[in-house]
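Visitor: Marked as transmembrane segment by TrEMBL: 6-25, 32-50, 80-97, 125-143, 149-166, 173-194, 226-250.
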Amino acid sequence: MGYDYALVHLHYTIPPAVALTLCYYPLSTSLAVYKILFLVAIAVISTTPWDSYLIHTQIWTYPPNAIIGPTLFRIPAEEIFFFVIQTYNTSLLYLLLSKPTFHPAYLQGQKLLLNDGRRLGLRRWSGISAIVACILAGIGMIMKSGEGLYMGLILVWAGPFVLLLWSLAYQFIIGLPLSSTLIPVVLPTLYLWIVDTLALKRGTWVIESETKLGWHLWDGLEIEEAVFFLVTNVLIVFGLIAFDNAFAILQTFPSLFPTIPTLPSPVLLVQALLIRAASYDDDRIEGLQQALVRLRAKSRSFYLASGVFQGRLRVDLVLLYSFCRVADDLVDEAGSIEEAKHWIAKLNEYLDVTYGKSYVKAERREYLISTFPTPTQAALRLLPASYLSPTPLYDLLKGFETDLHFSSSNPFPMKDEPTLQVYGAQVAGTVAESCLELVFHHTKTFTPESQRRRIVQAGGRMGIALQYVNIARDISVDALNRRVYLPTTWLKEEGMSPENIIEDPTSKKTEALRQRLLDCAFEIYDEAKGAIEQLPAEARGPMRVAVESYVEIGRVLRQPGYKIKAGRATVPKLRRLRVAWNALSHT
Ligand SMILES: CC(C)=CCC/C(C)=C/CC/C(C)=C/CC/C(C)=C/[C@@H]1[C@@H](COP(=O)(O)OP(=O)(O)O)[C@]1(C)CC/C=C(\C)CC/C=C(\C)CCC=C(C)C
């Protein structure tokens, strides 16, 4: 009996497990726990017979003075623990690195396959050929026995699993960012190579000389060990990618899978993976890709927050953002007030079509194509209207109409704070209400009607707070467009007029008014934030991140001596990450 192998765990595998757990804990979800348990179970079940055979045939031995004693099918308890902890560590690293990835945007439908099909097909078959070649080489080594035996056994054991996962999920394996594919394989592999070198040198485990090739990757690291750790990490990461690929299919196509369980069964996951790409809704995939690009380009705060929402709620929030953004841009970027009015009228008509007031639903698509510019069509078409009530959306358009007053007979419509509140409620309170409708639709927890009403009311108030932050941030940018959202009554109190702001949006008096607006924003925020804790548990943390990452812009603006650079206040990336972390860790 000895503690050498146990000490390897104590020194090298448990510390990274603790560190990764602490990092991932605030981001963890029941789906993530399910994925890890699923993978650990497969790792233990698939490795045990193979490892037991290696020990039985003495290809691989453990000196009795290096292990504590208990075994399962001759495998020391420390070794079984290795299967578990390696799978756990690599999985956590993958989950951490792939958290921001919006998997539905990486699906490849028929249209995309037609464009890129040859290149993809070539890569697919190259992968299959390489894996099959490794398996055949492994069979050859086993048949020859002798020095290639251990390498042959590794290739023949791991090869079919890699082949299966590659065949099912090669599009994702090729298409996902390298941070979700290469890095979670390379980092743990390098680390385990170093640990293995130390363990082999100390004699914690021994590879018999007659059944190994005798090649070394570096001094003390046998090639078989290097390949073993590489392929096991490849298997773990490919397994997780295949899971995410299947879940992305379930999440993206309500027409194929009208409802999905929070924890999909392995059978459902395989069913999803086996669906032919020809049955995917190409337009939906393309629309989701565009929505993601729009969100990433236009809102750092909501892009960051979108990463912590899950499943179909995340998909629909991204689509709602895209709809609101496109509608806002159509009006804001119009060349004249007439054109802006035209777009508001068309958007109103589009809502009529969508909600079936004056047209039959089949005409919706036709109306869209004949009315709106091509780049905006997918965002408008993919609005998740069946779960959203129309009133907040019509009210949002009313808010856009208020913006048109700035260049008409009433150039400064924000005469006092109540008027500003109404405007805030229209352009942002409505958005909050729509977001909350999606939350209630997509979460399982039952929220009584009276509680929903209270939450929606507080959400509306929070929307106003965020809109105030938005206005406080954009005083200079808005002044360039001859827009002053600061209430005229406040300006009068300072002996100013809206024109003074347009002439000099950076004066001391303007700064004081910015702080006054922020004070109001924070007062409303303080009053409304408690309602987030009444939301279904699975939406609370993500909603805190969405709200806090936007409110942080206001905190930056309130810092004494803060100077706005390049026209707009921004929150540095690390600070945004810290805000998200704190929002998720909040209990
Ligand atoms: C996580 C995720 C993807 C969320 C999506 C949120 C969403 C749908 C946002 C839509 C934003 C948008 C383009 C609206 C059009 C009107 C508008 C411009 C509103 C202003 C947003 C500012 O965005 P941005 O800075 O990009 O705009 P400009 O560049 O200045 O044009 C607003 C400030 C409104 C944002 C308000 C919300 C998202 C509501 C937030 C409140 C909740 C979700 C409720 C919180 C819940 C409780 C219970 C308190």
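Every residue, even glycine, has its Cβ placed from backbone N, Cα and C.
Unlike curated entries, TrEMBL annotations are predicted automatically.
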Visitor: Let me check one thing: do the transmembrane segment (226-250) and the transmembrane segment (125-143) come into contact, meaning three or more Cβ pairs under 8 Å with sequence separation of at least 6?
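Guide: Counting Cβ pairs under 8 Å (6 or more apart in sequence), the transmembrane segment (226-250) does not reach the transmembrane segment (125-143), since there are fewer than 3.
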Visitor: Determine which recorded stretch among 6-25, 32-50, 80-97, 125-143, 149-166 has the most C-beta pairs below 8 angstroms with the transmembrane segment (173-194).
Guide: 80-97
Visitor: What stretch, picked from 32-50, 80-97, 149-166, has the most CB pairs under 8 A with the transmembrane segment (6-25)?
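Guide: Of the candidates 32-50, 80-97, 149-166, 80-97 scores highest.
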